[in-house]
Structure formats: C-alpha cells, structure tokens
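Q: My structure is below; once you've seen it, I'll send some questions.
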Amino acid sequence: MEKTCADEFPLTVDSSEKQGVVCIFGTGDFGKSLGLKMLQCGYSVVFGSRNPQVSSLLPRGAEVLCYSEAASRSDVIVLAVHREHYDFLAELADSLKGRVLIDVSNNQKMNQYPESNAEYLAQLVPGAHVVKAFNTISAWALQSGTLDASRQVFVCGNDSKAKDRVMDIARTLGLTPLDQGSLVAAKEIENYPLQLFPMWRFPFYLSSGLCVFFFVYCAIREVIYPYVTGKTDSTYRLVVSIPNRVFPITALTLLALVYLPGILAAILQLYRGTKYRRFPNWLDHWMLCRKQLGLVALGFAFLHAIYTLVIPIRYYVRWRLRNATITQALTNKDSPFSSSTAWLSDSYLALGILGFFLFLLLGITSLPSVSNMVNWREFRFVQSKLGYLTLVLCTAHTLVYGGKRFLSPSILIWSLPSAYILALIIPCTVLVMKFILIMPCIDKTLTRIRQGWERKSKYAQSTLNGKSDI
C-alpha cells in the first residue's frame, strides 16, 4: 500500500522538543504543508477552518477547529487564506487583539491593490501584530523538503518582538529569515514571487535582437547572394555554418556590452565632476544587468565551442577534403607550406582557447556559492582585470581570424563587409575608451571623484590645491 506524504515523515516527538502551539487559518495546500513542516519540527498545530467537520487530508497529529476556537489556542496565528476571504477576521478582531498574525498571502499579479495585503490586514485587525513572512516559500517545497532553491524568508512588521518570534519559527523550520523592516516593505515582498526574471529580460531581448540581425546579415552574404548571382543553393549553411558565425559574434558583442556601461558611467562622472548625481535610468538598469549579460554571452561562447567541435564530421567538410585530395592526386600538384598561415592559424586557435578559458572563469566566479568565498578586491580583480583581459583575447581571436582578409576589397559582397568586422566595432571601441580612462591624468581625477571629491564644491579647491588633473 502506498504511503501518504504524512506517513513518510515521523511526526512523534519527545515532550522536551515541543516548541509551542501555532494556529493556522486555512486548510489549503500551503496551510497543510506548513502545518506538516511545523509538526516535524516539534510544534503543536491547530488548524482553523470555516468547515472543520469536512476538512480532510490534514497532517496526522493536528487539530481542526473553527476560527474562534483555534484562535484561542495560540498567540501565533498563520493566515493562509487569500485576501478576498479576509472579511471573517473583522468578527474576530477582539479575539486577535495582541496576537501575532502572520500573513503568507500573495496576489495574482504585481501591484494588484493600492496597499499590500499585510497593510490591509493591519487596518482590518488593528489590535493584532501583523507580520509578513513565508510568502516566498512554495507549498511543494515545504511538503517535499527540497528547500535549497527557496530557503530565504523575507520578514517585515511594525512590532520588533513579533518579528523576532516569527524569525525564530523560520529558523526552527530550517529557513533563513531576513528582516526587511516595517510593513511598508510588504508590498515589495509580495511582488517578489510574481517577478519573472526581471534582470534577464533586457539581456534576453538584446541577445535575441543581435542573433536575428547577424543571422539575416550572414544569410544575405552566404545564401541569398550566391543564389542571385549564380543560382547556387547554399541553404545548408543555415544549419551549422551561419549559426557558428552568429554565436561567437553575439558572444563577443555581449561581452563588450558588459563593460561598456561602466565606461559610460566613468565618462558621465568626469563630465559632471561628482558622484553624487544619479545615473540615467537606462544606464542604471544596464549596469544592474551586467552579470546576466555576461552569462548569456558565456552561453553563446559555449555554443560556438560545441559547433566548432562538430565541423570535422560535417558532410560538406568531408566532401571538400576528399575532393581536394583527389584533385591534388590527379593534377600531381602540391601546395607549398606557408609559415605565416600556420602562425595565424595557431595564434587564432590559441587566443580562442585562452579567451574561452578566462570567459569560463568569469562565469564560475559570478556564481553566488563562489563569489561569497572571496572578498571584494578579489572579486573585482577577477571580474574587472581578468574580464578586460578576456575581452582583449577574444577580440584578438577575431582579428587574427580575419588575418590578411581584414581590409581586402574582395571580401565585400554587395558592399557588405564580413560579419566578423561588424563584431569588432563595439569591442574595439570599449578597449580604446578603457585605455584612455586608465591614463594617469584621467584615472587620478576619476578616483578622487569616486572618493567623494566634487569639482564645483567649495572644498575642491583645498583638496586639489587649486588644480585639477583635467
């Protein structure tokens, strides 16, 4: 016979491990899962229900009573019902006075109501100590015990003692409570579970746009042009050849765009002469998305590496190699060895391998489990110094790939240069601008600005002895 979820966990604990009584209003999925977890951790659980006689599938060892009776059994009450059903609490206002009322509700969409559910609850039951908590934990995670992905619990409330009690409960359940302040923060906490990759949207849209643009650009040069001029069918290039051009171009462009906002911010600070003015919203959001941009770029670099590995087994490549070998045998002609070509080929491969290795290192150090083990200087060294070195290597990899064809007019098709030349525009611009910013005369002033000096401040004169480096 198959065991139920409640049977899979031992719910019997010693009296010395008893934590107290907790009341849960609501017998839905979340209420039952939270009650089961509390029973496992030694709490006595009393459920409050509008129909206690018909409530079923509750954890073994828990009681089910009506709301008023359940409220009288504990001074900590978890409200596991939706906001639409808060009306019954007005009748229990006297019974709930002085009790800790934990609101775990979420809405269907962000900013659905003018005020947060917790603030509305505090207005509805003014005598209770309302605390917002546990709304970022799913019922499935509580029931299955897989809390690794959602272990943090945001807690906010106006009463510090009530918050401390809720945070103690969270720690007993094996969770990590984070104090977010007063109930004013409840709206932000309620919006948090409703967010869908907010910091990934801009990188996703940008990378998608770049991919589409470069794919169409390469298709015009390598598929449409041969068909228009010579009726040659080159559509097979759409599967491997063109994607293997698009992926590295997109990766290099995104990597450059990771460091471009920092340069723009430095230029803006130099122009303003102060760090105490906010950046434009678009630049601020761009800087916040740099980690996501870098990880997306790393993903495209991985795709480029994988696509490159399958090149030798492609039919087109094997056909060209076999055909060239047969032609060479029939004509009895040998191609002379070119030392310069060998240098370019080996340098191109070496730069690509080193660039990809450092790229991978940047991605690893951006993981929270790794970044938490290093201090700020170490993290900045990897992400900034090694990051720019990665950009230099990847840009050099692309330059050497072009080799002698870089400025050759023969590579123009319908006056369109090769796609890799377009890929070099942003990286080279970033590197040139960075080189200018690290010049001592500019870097010294920028450092002072970031340390609090202001060019137009009345204290700036004495700080720089009446002189500026710019």
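Keep in mind that glycine also has a Cβ here, set from the backbone N, Cα and C atoms.
Pulled from Swiss-Prot, these are the listed features:
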BINDING   27-30, 49-50, TYR67, 81-85, ASN106, ALA139, ARG171  NADP(+) binding site
BINDING   TRP140, ASP148, GLN269, ARG290, SER366, GLN383  FAD binding site
BINDING   TYR217, TYR307  Fe(3+) binding site
BINDING   HIS304, HIS397  heme b binding site
DOMAIN    249-391  domain 'Ferric oxidoreductase'
TRANSMEM  202-224  transmembrane segment
TRANSMEM  236-256  transmembrane segment
TRANSMEM  293-313  transmembrane segment
TRANSMEM  342-362  transmembrane segment
TRANSMEM  381-401  transmembrane segment
TRANSMEM  419-439  transmembrane segment
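Describe the structural context of these features.
A: The local packing around ASN106 (NADP(+) binding site), expressed as other Cβ atoms within 10 Å of its Cβ over all shown chains, amounts to 18.
Sequence-distant neighbours of GLN383 (FAD binding site) (same chain, 6+ residues apart, CB-CB distance under 8 A): LEU362, THR365, SER366. Under the DSSP three-state reduction, GLN383 (FAD binding site) is assigned to helix.
The Cβ of TYR307 (Fe(3+) binding site) lies under 8 Å from the Cβ of VAL240, PRO243, ASN244, PHE247, each of which sits 6+ residues away along the same chain. Look at TYR307 (Fe(3+) binding site): DSSP puts it in a helix.
Spatially close to HIS304 (heme b binding site) yet at least six residues away along the chain are ASN244, PHE247, PRO248, ALA251, judged by Cβ distances under 8 angstroms.
Residues 234-235, 237-238, 241-243, 245-246, 249-250, 253-254, 257, 285-286, 289, 292-293, 295-297, 300, 413-414, 416, 418-419, 422-423 of the same chain, all 6+ positions outside the transmembrane segment (202-224), place their C-beta atoms under 8 angstroms from a C-beta of that stretch.
Counting same-chain residues at least six beyond the ends of the transmembrane segment (236-256), those with a Cβ under 8 angstroms from any Cβ of the stretch are 203, 206-207, 210-211, 214-215, 218-219, 222-223, 293-294, 296-298, 300-301, 303-304, 307-308, 310-311, 314, 316, 359, 390-391, 394-395, 398, 419-420, 422-424, 426-427, 429-430.
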Q: What parts of the chain pack near the transmembrane segment (381-401), using Cβ distances under 8 Å and only residues at least 6 beyond its ends?
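A: Same-chain contacts beyond the ends: 248, 251-252, 255-256, 258-259, 344, 347-348, 351-352, 354-355, 358-359, 361-362, 365-366, 374, 420, 423-424, 427-428, 430-431, 434.
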Q: How far is it from TRP140 (FAD binding site) to GLU84 (NADP(+) binding site), counting Cα to Cα, in Å?
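A: Cα-Cα, rounded: 23 Å.
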Q: Based on DSSP, tally up the residues of the domain 'Ferric oxidoreductase' (249-391) by helix, strand and coil.
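A: Its residues fall into 119 helix, 0 strand, 24 coil.
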Q: Using a 10 Å radius around each Cβ and counting other Cβ atoms from all shown chains, which of the binding-site residues HIS82, HIS397 yields the largest count?
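A: Counting every other Cβ within 10 Å of each candidate, the maximum falls on HIS397.
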Q: Checking distant contacts: for the transmembrane segment (419-439), what same-chain residues at least six beyond its ends satisfy Cβ-Cβ under 8 A?
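A: Result: 214, 217-218, 221, 245-246, 248-249, 252-253, 255-257, 259-260, 263, 266-267, 388, 391-392, 394-395, 398-399, 401-402, 406, 446.
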